[in-house]
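Below: one structure in structure tokens.
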Amino acid sequence: MNYLAVLVGGGVGALVRYLVSIFIQKFVPNFPLGTMVINTTGAFLIGFLSIYLTEVIDAPPNIRLLLITGFLGGYTTFSTFTLEGIGLINNGDYLKAFYYIVGTNVIGFLFVALGRFLGGLL
């Protein structure tokens with residue numbers, strides 16, 4: 001059952017990542033904003049769910065596997081983030097690379113903290 005939870009969650013997470021990314025890239029084609037939004041919202045969600053599912057509602061392990069390991073594992077894109085960051089550097093877009101790399105990390109840390117805080121309020 002645990003394997004199925006991770007499989008289903010990962011598939012749905014990957015699909016949502018793809019849909020969000022192509023939607024955002026239509027509006028901001030020259031900056032990897034889609035990946036940045038996905039990684040930062042994923043950071044928020046993992047912070048929120050890590051508290052909410054364990055301390056607020058005490059969700060069963062298979063639900064935690066479905067949402068955190070599965071969905072968020074498929075949804076977040078750290079490997080894509082690093083590849084796109086290197087691509088910006090290789091193209092000589094150093095300022096964009098700086099904003100992208102630093103912005104994703106700073107916002108990611110802040111969103112994990114915010115998610116944990118809000119998850120604890122419920």
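From the backbone N, Cα and C atoms, a Cβ is placed for every residue, glycine too.
Quick paste of what Swiss-Prot says about this protein:
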TRANSMEM  4-24  transmembrane segment
TRANSMEM  33-53  transmembrane segment
TRANSMEM  66-86  transmembrane segment
BINDING   Gly73, Thr76  Na(+) binding site
TRANSMEM  95-115  transmembrane segment
On the three-state reduction of DSSP, what should I expect for Thr76 (Na(+) binding site)?
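In three-state terms, Thr76 (Na(+) binding site) counts as coil.
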Same chain, outside the transmembrane segment (33-53) by at least 6, Cβ under 8 Å from its Cβ: which residues?
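Contacts of the transmembrane segment (33-53) (Cβ under 8 Å, skipping residues fewer than 6 from its ends): 17, 20-25, 59, 63-64, 67-68, 72, 75-78, 80-81, 84, 100, 103-104, 107-109, 111-120, 122.
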